[in-house]
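Chemist: Take a look at the following structure, please.
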Amino acid sequence: MARQDGIAGRRAAIALLDRVLSDGEALSQIAEVPDSPLTALAPADRATALRLAVTVLRHLDQADRALSPFLRKTPPATVLNALRLGTVELGVDRAAPHGVVNSIVSILRADPHLAGLAGMANAVLRRVSEGREGFAALPVQKMPQWLRQPLVHAWGRPAVAAMEAVQSQPAPLDLTAKPGMVPQIDGLEPLPTGSFRLASAGQVSALPGYAEGDWWVQDAAAALAMRLLDPQAGERVLDLCAAPGGKTLQAAAMGASVTALDISGPRLRRLQDNLARTGLSAGVVTADALHWTPPEPFAAILLDAPCSASGTLRRHPDLPFVKDGSDLPALADLQARLLDRALGFLAPGGRLVFCTCSVLPAEGEAQITAALARHPGLRVERPDLPGVDPDWISPEGGLRLRPDHWAERGGMDGFYIALLRLAD
Ligand SMILES: C[S@@+](CC[C@H](N)C(=O)[O-])C[C@H]1O[C@@H](n2cnc3c(N)ncnc32)[C@H](O)[C@@H]1O
């Protein structure tokens, strides 16, 4: 489809917001279905639509606060989402008011069901535009109660507020490079833990070294899991729940002989693509880890268990709107069963890293405490990694990483990582 002065991207962004906020669909799901609002968009419009939708979701609460003085009653969902988009473009992106207001009004006018409200939208957005200097002073969006409450209980209100402040900003782009390689990218910051950070990304595939497979995208927190397992050259390593493969690539680049297992065929195809791009190799197994048995035990296993992904809200601000926490008990149960199963694949004296991209203790600290009680002889080894603040180590010996760690340089994903050792 040809570009039409920002209309196509904005129209698709409004449709994405409708699907997330009214239908409860995650953006990652919508992007993959054939009837997606992104289908048939030019790549630049697609990127614009996603960026705008994500920005609105990060600031939805502020947008509603800014709009409410000018709305006598709540308009239909699509019109409200169009107004939210306009408001966030005016208040956060600081976009030119004329272009924003005209685009939103044109989009509404072009829809026979909504055209009658285009005049109202015009008037409201002009009022919002006049007061846009006040947008930055509105309170930062809070996490939903089902998530906020256990976090306040675990880390306290100031820490949760600090996490929310980081989550209100776009996440930086973190890279993991092959050992000994320093990507030659302008503005790249080497991080104390060995990852590299770019404050803002642009088109990742256009960055130097991408095509050559010198590095891959992986949050600095996520990169610590395989560093903690510390695979040795030639060592057999099992990467359980491996796709799309950030940690498999790390182990393979360190020279390990990796078996990457995941239940999802489509996600493993992405892992295969990542191996191909980086010129690395691994054995790939499509299987349910709960029903698979290795041909022989492993001395080193990494288990990146499925979880709430509540540590990744700054990258996936749609999650609070499509989840309600009702799947947490089932996830915690699956994590415990996967951990027990994985421990059964270990050779005596072997080591296992358990990790989740969650900020909830139920998916981290509590899992390890319970596993230690279930498995006499199992112990936790305290992490000793470059760049890791000793304050990040929790009482049971795991690494608790939170979005507000490194807040001054853009934060990190929430993660929990523990290194377990089986008795000889
Ligand atoms: C957090 S993601 C893994 C991310 C990956 N380790 C990486 O670094 O790119 C969790 C993965 O667990 C997989 N999974 C869920 N249940 C599984 C099971 N029973 N057996 C194997 N894999 C499973 C999912 O398909 C998903 O790819």
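Quick reminder: no glycine exception, Cβ is built from N, Cα and C everywhere.
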Chemist: Kindly point out which candidate in ASP288, ASP318 is recorded by TrEMBL as part of the S-adenosyl-L-methionine site with CYS241, ALA242, ALA243, PRO244, GLY245, GLY246, LYS247, ASP262, ASP304.
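Modeler: According to TrEMBL, the candidate sharing the S-adenosyl-L-methionine site with CYS241, ALA242, ALA243, PRO244, GLY245, GLY246, LYS247, ASP262, ASP304 is ASP288.
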Chemist: What is the interatomic distance between the Cα atoms of CYS357 (active site, nucleophile) and ASP288 (S-adenosyl-L-methionine binding site), given in whole Å?
Modeler: 20
Chemist: Going by DSSP, is LYS247 (S-adenosyl-L-methionine binding site) part of a helix, a strand, or coil?
Modeler: helix
Chemist: Which whole-number mean pLDDT does the model give the domain 'SAM-dependent MTase RsmB/NOP-type' (135-423)?
Modeler: 97
Chemist: Just report the maximum Cα pair distance in Å for the recorded S-adenosyl-L-methionine binders CYS241, ALA242, ALA243, PRO244, GLY245, GLY246, LYS247, ASP262, ASP288, ASP304, no decimals.
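Modeler: Pairwise Cα check on CYS241, ALA242, ALA243, PRO244, GLY245, GLY246, LYS247, ASP262, ASP288, ASP304 gives a maximum of 19 Å.
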Chemist: Does anything in the same chain, at least 6 positions from ALA243 (S-adenosyl-L-methionine binding site), have a Cβ under 8 Å from its Cβ, and if so what?
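Modeler: Expected: ALA260, ASP262, SER264, ARG267, LEU268, ARG270, LEU271.
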